[in-house]
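Working notes, structure below.
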Amino acid sequence: MNNILSHRSRGDPSVSSSSQEEKIPQSELTPEEAGADAHHNLHRGLKARHITMIAIGGAIGTGLIIGTGSALARAGPGAILISYSIVGFLVYLVMCALGEMAAWLPLASGFTGYATRFCDPALGFALGYTYWFKYIIVTPNQLTAAALVIQYWVPREEVNPGVWIAVFLITIIFINYFGIRFFGEFEFWLSSIKVVTIVALILLSLILALGGGPDHDRKGFRYWKNPGAFNTYIAKGDKGRFLGLWSTFVTATFAYLGTELVGVTVGEAQNPRKTIPRAIKLTFYRIVFFYVLSVFLLGMLVPYNSDQLLFANKAKSSAAASPFVVAIKLSGIPHLAGILNACILIFVFSASNSDLYIASRTIYGLACEGKAPAFLAVTNKRGVPVYALGVSSLFSLLAFMNVKDESKIVFGYFVNLVTIFGILTWISILVTHIYFVRARRAQGVTDDQLAYTAPFGIWGSYGALFFCSLIAVFKNFNVFTYDKKYGNFDYKNFITGYLGIPLYLIMIGGYKFWFSNTGIPASQVDLFDGKDKIDREEEEFLRMKALKGEKKGSWFYRTFIAWLF
C-alpha cells in the first residue's frame, strides 16, 4: 500500500490540473501526455526514512574519507577548517533554495524541471544534460574506485580489476531495475553503514586527540603550532598561504558534490512536502557534524608535513589513502586499516548505486520534457524508467578503460569535468530559485503559503551564486602557474577543468537560438498547474497512513535514530 500513489512524471507546466487526459494543444504535449498511460509514471516508493538517509548518504563520500588528506597536506589544518565550513554553508544555501521549490511543487524531473518551468527552458535543457554528463562519468569512476579498494586484499596480479568492475556494475543495475522501494531500502541500509562509520571515526578521532589511544599522547592543538595551521602552496609567505587556502575550496567543493541529489528523489518520495523539507533542514547540522567536526579533529591528529600523509596521498585508493588511517597509525592502533577499508568499499559501492539512479532519472526527466528521445520516458510496472536506466548503464562501461594503468590518466581528466559540472548544477539551482521568488512575488504568493521557505531568502541565493561562480572561474587556478617546481602551463587540466563552462553556455545559447526562446516573464511563470494533484496525493497519503496505523519499524527509526540526524 505504500506505493499505491503515483506521481506526475514530468516537469512541464502544460499538463491540465484536472486530468492527464484533458485535451491540450499538441505543441505543448510532452511524451508522457501523448501516451497518457501508466507506462510513463514514477512510483512514490521512497519513505521519509529513505529520503533522510539518502540525503545523508549523498553528503558523505570518499571525498571526505580520502580526499581530505591531500587538502591537509597542501594547505594545513586551519585552511581545511575554513574552506569546509564556508563551502558547507554554500551547500546549505543551495539546498534551502531547492527545498523551497520542491516543497511548493514536487516534480518528477527534479531541479531540471524547476529550471524549465520557473526560469527558462534553455536553462533546464543545459542543466539537465550537464547533470547527466556528470553522473554518467562519475558512475564508472566509482566502479573503478571499488575495484581498486578490493586490491587491498586481492592484488591485480591475481584478479584483473575488470572482474570486480563487471560484478559491481551488474549488481547496481539489478538494484536499480527492481524498483524504487527496493532501491530505497537497499540505499537506506548502505547509508546507515556510512553514518555509523563516520560517527565512529569522529568519536575515535576525539578520543585520540584527548590522549585515549595506545600512545596516550594528548595532542590537542600541538600541530596547529608546529608545523602550523597554514601551509604554503606554489608561492611563499602570505601569498602561498592564501593560495593553499583557496586550493582547498576546490577540494571541499568536490567533497560536497552529490548533496543536492535529494532534489532528484522528489518524484518518488511519499508525502514530499514533509519529507523533502525535513531532509533539507537537517542538512546544515549534518554538514557541521560530519564534515566540519571531522576535518577539525583530523587537523589535531595529523601534521600536514607527515611522511605517512604524503605516502597516503600517493596511494590514491583504498584505506592506505585515507588520512584517518594515518591518524590511526600515528596513534599506534593495529589491525584497524582493513576494517576501514571494508567500510570505504561500502561507501564507494553505495555511491555508484545512487549515481546510476540519478543518471537514469535525469535523462528520464529530460525525455518527459521532450528534450531527449521519447522512449527514455517509458517506465515498467515497477515505475522504473528501464530504457533510461539501460542507456545510462552503457556509459558505465567506460570503467573498463581503467583495466590498464595508462588509461587512468585519461580517466582522471574525466573526473576533472565532474567537479565543474557539479558547480554549474549548484549555480543553476540558485538562479532558478531567484527567478522562482521573483515569480511568486509578482503573482502575489506570500511566504506563509509555502510549506517551506529558504531561511535566507533570495539574498542567500544571490550570495551563494556569487561565491559558486567565483569557485567555478578560479577552480583550476594552478594551471596558470609558471614555476620551476610546478612546471609550465598545464593545458590538459585547463581544458578538462574549464570545458564544462563553454559547453554549458553553448547549450543555453544553442537552445534559445534553435527554438527562438526568450525566457518566461515573472508574471507568466506557471506556479500552479499540477499543484492541486499534489495536494490530493498528499491528502490521500495522510489518510491511508492514518488508516494503516504506525509500523513498529517506523516508530523505532523515528524514536531512536531519526532525531540523531
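Here the Cβ of each residue, glycine as well, is placed from N, Cα and C on the backbone.
Under the heading domain 'Amino acid permease/ SLC12A', TrEMBL lists 50-517.
The region 'Disordered' annotation in TrEMBL covers 1-35.
Residues or ranges marked as transmembrane segment by TrEMBL: 51-73 (among others).
Outside the transmembrane segment (79-98) by six or more residues, the chain places 68, 71-72, 111, 229-231, 241, 244-245, 248-249, 251-253, 255-256, 259-260, 262-263, 280, 283-284, 287-288, 291-292, 295-296, 298-299, 426, 429-430, 432-433, 454-456, 460-461, 463-464, 467-468, 471 with a CB less than 8 A from a CB of the stretch. The feature transmembrane segment is assigned by TrEMBL to 79-98 (among others).
Summarising the annotation, TrEMBL assigns transmembrane segment to 163-183 (among others).
The annotation transmembrane segment is assigned in TrEMBL to 189-212 (among others).
Residues annotated as transmembrane segment in TrEMBL: 283-304 (among others). Here the transmembrane segment (283-304) has Cβ contacts under 8 Å with residues 55-56, 59-60, 64, 68, 72-78, 80-81, 84-85, 88-89, 91-92, 95, 198, 201-202, 205-206, 208-209, 219-224, 226-229, 231, 255-256, 259, 323-324, 326-327, 330-331, 565 of the same chain, all six or more residues outside its ends.
Listed as Cβ neighbours of the transmembrane segment (324-349) (distance under 8 Å, sequence separation of 6 or more from its ends, same chain) are residues 60-62, 65-66, 69, 142, 145-146, 149-150, 152-153, 168, 171-172, 190, 193-194, 197, 201, 204-205, 208, 213-215, 217, 298, 301-302, 306, 308-309, 312, 318. Residues or ranges marked as transmembrane segment by TrEMBL: 324-349 (among others).
What TrEMBL records for 384-403 (among others) is transmembrane segment.
Per TrEMBL, the feature transmembrane segment maps to 410-436 (among others).
Within the chain, the transmembrane segment (456-474) has long-range Cβ neighbours (under 8 A, six or more residues past its boundaries) at 86-87, 90, 93-94, 96-97, 246, 249-250, 253, 420, 423-424, 426-427, 430-431, 433-434, 437-438, 501. Look at TrEMBL and you will find 456-474 (among others) tagged as transmembrane segment.
The annotation transmembrane segment is assigned in TrEMBL to 495-514 (among others). Long-range Cβ contacts of the transmembrane segment (495-514) within its own chain (Cβ-Cβ under 8 Å, at least 6 residues beyond either end) map to 120-123, 125-126, 129-130, 133, 413-414, 416-417, 419-421, 424, 472, 475-476, 479.
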